[in-house]
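Feature list (source: TrEMBL):
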DOMAIN    158-260  domain 'P-type ATPase A'
TRANSMEM  23-43  transmembrane segment
TRANSMEM  55-73  transmembrane segment
TRANSMEM  94-115  transmembrane segment
TRANSMEM  121-140  transmembrane segment
TRANSMEM  277-301  transmembrane segment
TRANSMEM  321-344  transmembrane segment
TRANSMEM  662-685  transmembrane segment
TRANSMEM  691-714  transmembrane segment
Amino acid sequence: MDMQEKTKNALQREEEIAKQKKLFIASAVLSIPLLAAMLIMAFTDIMMAYPKVGLGIDLIQFFCATPIVFHFGRQFFIGAYTSLRHRAFTMDTLVAIGTGCSYVYSVVILGLSIFTDLHMMSYFDTSGMLMTFMLLGRFLEANAKRQTSGALLQLMNLVPATAQLLSPEDGETILEVPVSRVKVGDKVRVLAGCRIPVDGHVAEGNSDIDEQAVTGESLPRFVGKGAAVVGGTLNLTATLTVEADKVGEDTMLAKVLRIVEEAQSTKPAVQRIADTVAMYFVPFVILSALVTLVVWLILGATNAYPSAWRRKGNHGMETPWAAFAFNFFISTVVAACPCALGLATPTAIMVGTGVGALHGVLVKSGATLETVCKSSCVVLDKTGTITDGKLQCVTHLTAGEQLPATTVCQIVAGVEGQSTHPVAKAVYEALLPYHQKEDSVAVDVATAVTHSGLGVEATVRVAAAGTALTNTTAWTSHTVLVGNLALLQRHEVQLPEALLSAVTELQRHGRTTVLAAVDGTGCFLAGLSDEPKPESAAVIRRLRKEGIRVLMVTGDHLGVATRVAAEVGIPPEDVHAEALPTTKAEIVKQLQQEERCRVMFVGDGINDSPALAQADVGVALGAGTEIAIEAADAVLVRNSLCDLLTLRALSRTTVRRIYGNFVWAFGYNILMIPIASGALYPVLLFQLPPVVAGAAMVVSSLCVLFSSISIRCFRPVRVEDL
């Protein structure tokens, strides 16, 4: 479903709300005479004193109630007929029975009043006003459901309808075109204060980008040339030229919308139970109402209760025993409608998944949202999940007096700058400041040979600082080795004792080491580490405090794994190192079988996808691979482990609200059935009017809806809260 179709569906929802509103208003206008007639009949004896006036009132009620029931309320009869064709019973069935029976009964009474001298109370007011209340409920329900999907609509509205496309012909002419016409490779101009229409990268300009609406990140991000940007985010400070990398259904926002829509259409286990209960509950209500009718008819026909029970109004007007029984029947059918039960879960799931999307937490199904808070074991991948996934040079030192320390650093930086290997990039970035010094030498890498798994062998020319680079520049040539210890040992390089002891110490602490030798003499050492994210230790501490067992699995060697685990607070016995992708999945399966617990796995790489699929809940980080995200049940868009706590908190909030809705729905029906059926009449001496029963049912459903909508007040967990 593309963005235009999603917008079309949103417009259709708005049209449905407008339609239900019109039906209710028209019905309410015609209900005014019905209400007036009901009050006249209730507080006067006009039916007995002036039969013809009473007949005239009944005729007015007939002409008002007929269009209300069969024109404005025909959707309920159509729904009831459709469900019966499928051998099912729904809320529409109960409404159709309640209003239809009271209408038919009233028509019979009206006929008797016209053609005989028998004058009895009709129920046109009941059928008409009951249908009006049902239409009010349908309108309010449609309006409330729009609010439950408000997060989805909010996300849809992030994408601008048009884009300022730079003409492919001259690259300068600006064309205002629909976003759907922008193709991959096109360039669009984004003014300050406007939203970026596509996923892409900055081709020109610098600005701050507000990504909160898409990723949940509250702080603006500075972007410059080459920086990736996401469609739907807000350009804050300056004009940008963005080249489109992904458009239409391939954009991140489109994927977010697709995930949220799919989640809202799925049913968790608790909803399947509710559906089963509702399936049997409606026939039970109908049977209870029929039993109520038969019992009260028998009691009335045999005078088994005092006739004073049927007396009402200031004039002591007595209701016929058949009508008295019929009141209990209609009230039972209408009051016990389980529509609140049917709304309890889907509305909460809709709001919960929508709120999660607004805070950068994408949940792919209602079942996932239900299971997350029940998980008692969390397995975390190390690289990119607990750690940043990016090697950083935490220390470096030089040795020997052959060359100045700054010159050695500049030579190593020159060699490593030729490589795209993550280790080389980390060393280069750490040594880059040496190139920016005023007294830096000129370095030219003449040749470079990569030894797979070992490092680089290069020939480097060096010119003195401040030398003008011309054809006559005096260069000094050096043979340089940069790599691991094995590379230097292969070339029989002698390392100073200081470097050897430093290598041993760094490796003992789980650091990756990079050595360099110039002209056969070891002179440089760098210690690299993939450091834990700032929030990792606090998140793991919170999880353990909540009674969650936290484990770490990694393909890295044991020394590195143990160091990282110690830094973030994971016990050594819960660390699994040198794990293959299949091993990670086996560890998850073993926990599920031996510990008999629900396992949540959090990872970001291709090698995590088997474990993500095996876990009860697989959570992928947004910066991970497409395969990992596809295999996962939930996605943390911001790549922050703190959002794992947000996911758990949102799951708890949603599940609690679902159970709270069920308690309300069941409690309402348990209370209303005995009252509506008259089982408590001998004690209360109160008969629930069918109109009031209908109003109570509407209020019950709205309570469930607004209970679910209150999930929108959910606040995500922030790092500063830990």
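We count from 1, first residue shown onward.
For all residues, glycine too, the Cβ spot is worked out from N, Cα and C.
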Summary of DSSP states over the domain 'P-type ATPase A' (158-260), given as helix, strand and coil counts: 19 helix, 39 strand, 45 coil
Same-chain residues at least 6 beyond the ends of the transmembrane segment (121-140) whose Cβ lies under 8 Å from its Cβ atoms: 17, 20-21, 23-24, 27-28, 30-31, 34-35, 37-38, 41, 47, 58, 61-62, 64-65, 68-69, 72-73, 75-76, 95, 98-100, 102-103, 105-106, 109-110, 113, 319-320, 323, 326, 330, 334, 339, 689-691, 694-695, 697-698, 701-702, 705
Top partner of the transmembrane segment (277-301) among 23-43, 55-73, 94-115, 662-685, 691-714 - counted as Cβ pairs under 8 Å: 662-685
Among the ranges 23-43, 94-115, 321-344, 662-685, the one whose Cβ pairs under 8 Å to the transmembrane segment (691-714) are most numerous: 321-344
Within-chain partners of the transmembrane segment (94-115) [C-beta distance under 8 Å, separation at least 6 from its ends]: 51, 54-55, 58-59, 61-62, 65-66, 69, 73, 76-77, 79-80, 121-124, 126-127, 130-131, 134, 282, 285-286, 289, 326, 329-330, 333-334, 336-337, 690, 694
